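According to Swiss-Prot, the protein carries these features:
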- Asp89: active site, proton acceptor (ACT_SITE)
- Asp89, Ser90, Gly91, Gly92, Phe93, Asp161, Gly232: substrate binding site (BINDING)
- 262-268: region 'RNA binding' (REGION)
- Asp281: active site, nucleophile (ACT_SITE)
- 286-290: region 'RNA binding' (REGION)
- Cys319, Cys321, Cys324, His351: Zn(2+) binding site (BINDING)
Amino acid sequence: MALRFEILHQSKKSRARVGRIETEHGCIDTPAFVPVATNGALKGVLDHSNIPLMFCNTYHLIVHPGAEAVAAMGGLHQFIGRNAPIITDSGGFQIFSLAYGSVAEEIKSCGKKKGENSIIKINDEGVWFKSYRDGRKLFLSPEVSVQAQKHLGADIIIPLDELLPFHTDPAYFQQSSQRTYAWEKRSLDYHLANPGYQSMYGVIHGGTFPDQRKLGCQFVEDLPFDGSAIGGSLGKNLRDIVGVVDVTTANLSIERPRHLLGIGDLPSIWATVGFGIDSFDSSYPTKAARHGMILTSQGSLKINNQRYASDLNPIEPGCACPACSQGISRAYLRHLFKVHEPNAGIWASIHNMHYMQKIMSKIREKILNDQL
């Protein structure tokens with residue numbers, strides 16, 4: 001079945017809402033944090049059964065083991081042992097972010113350009129690029145991308161689009177926007193020829209230009225997408241992100257779920273959830289964990305700091321995650337990081353992922369009580 005979305009409560013204080021997305025492989029309570037499992041695995045997290053929705057990257061799975069190989073093994077759910085919802089992207093994000101830098105990197109660097117060595121050629125047909133793994137020449141078109149996502153079998157899929165960096169000149173911006181929306185229409189047409197249980201979100205572009213964002217909303221709203229995803233360049237700082245999300249959500253109907261692509265750090269979630277965003281994807285908690293950044297209700301702990309060398313408190317007192325429940329202390333976790341023990345990143349990732357789920361539960365409760 002295609003997804004069903006129900007709004008359970010609309011906040012009286014903001015545009016925030018609590019909802020539920022039903023898919024073939026289970027339900028997602030929203031707003032939800034969606035961790036990124038790049039190669040079909042959450043780095044440092046072995047048990048993802050309590051994660052309501054997981055984001056897998058089509059580009060990396062095309063490169064290895066191959067989308068057809070995954071299909072031959074029963075699809076992504078069976079391949080990775082997950083009986084819960086999965087969302088995949090088109091593959092375009094990785095291709096263009098390898099050339100231009102990711103959205104998060106763009107925000108940090110104000111769009112300083114990276115090399116474009118990975119992209120060989122781009123035109124209206126699609127994009128030719130080199131595999132980061134072995135240098136093979138690969139091709140991705142709307143139809144190729146959607147077929148790959150059909151092979152993978154995710155519950156929610158994304159049409160092919162072109163990710164532009166912040167520094168793009170206006171002339172190419174217009175050309176790219178037209179190409180992106182043509183690609184999205186082709187993606188949707190290919191999907192609808194054999195939708196099965198899968199659903200597709202339309203991606204809204206427009207950079208930081210309100211008029212272009214409104215046009216993007218109109219494009220997605222006029223087509224039978226199952227949900228909306230806010231993508232493209234979101235600016236150079238949190239203020240820009242908030243502005244883009246505000247104007248975009250104000251021009252979307254309330255009936256479809258809304259996803260914010262590539263943004264899922266805590267400051268951004270708190271700043272944008274009030275505009276009616278239903279899901280956020282990011283590798284933020286596991287990446288932070290691998291660098292010794294521990295998320296807690298008292299703020300982030302830089303566990304490598306000397307102050308934790310003799311701290312026998314749990315990572316976070318009162319936390320029910322497996323790491324804290326088993327008595328992993330701050331001093332012990334710091335020791336593991338200092339000696340480069342792989343378990344350090346595992347325990348930290350388990351805690352951070354649990355913390356993110358706890359925060360989303362808190363956010364849903366605040367919305368239900370009209371406090372957010």
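Cβ coordinates are placed from backbone N, Cα and C, and glycine is handled just like the others.
Just so you know, of the binding-site residues Gly91, Cys324, His351, the Cβ with the fewest other Cβ atoms around it within 10 Å is the one at Cys324.
The DSSP breakdown of the region 'RNA binding' (262-268) into helical (H, G, I), extended (E, B) and coil residues amounts to 3 helix, 0 strand, 4 coil. Close to the recorded Zn(2+) site, the chain also has Pro314, Ile315, Glu316, Ala320, Pro322, Ala323, Ser325, Ile328, Ile350, His354, Tyr355: residues not among Cys319, Cys321, Cys324, His351 whose Cβ is within 8 Å of the site's Cβ mean position. With a cut-off of 8 Å between Cβ atoms, the residues of this chain six or more beyond the region 'RNA binding' (262-268) that come close are 33-35, 93, 102-104, 231, 234, 238, 241, 280-282, 284, 295, 359. Neighbours of Phe93 (substrate binding site), defined as other CB atoms within 10 A of its CB across all chains, total 23. The binding-site residues recorded for this entry are Cys319, Cys321, Cys324, and the Cα of Cys321 lies nearest to that of Gly91 (substrate binding site). Taking the mean position of the Cβ atoms of Asp89, Ser90, Gly91, Gly92, Phe93, Asp161, Gly232 as the substrate site, the remaining residues of that chain whose Cβ falls within 8 Å of it are Gln94, Ile95, Phe96, Ser145, Ile158, Pro159, Leu160, Glu162, Leu163, Val203, Gly231. Summarising model confidence by region, the region 'RNA binding' (262-268) averages a pLDDT of 96. Over all protein chains present, the Cβ of Cys319 (Zn(2+) binding site) has 17 other Cβ atoms lying within 10 Å.
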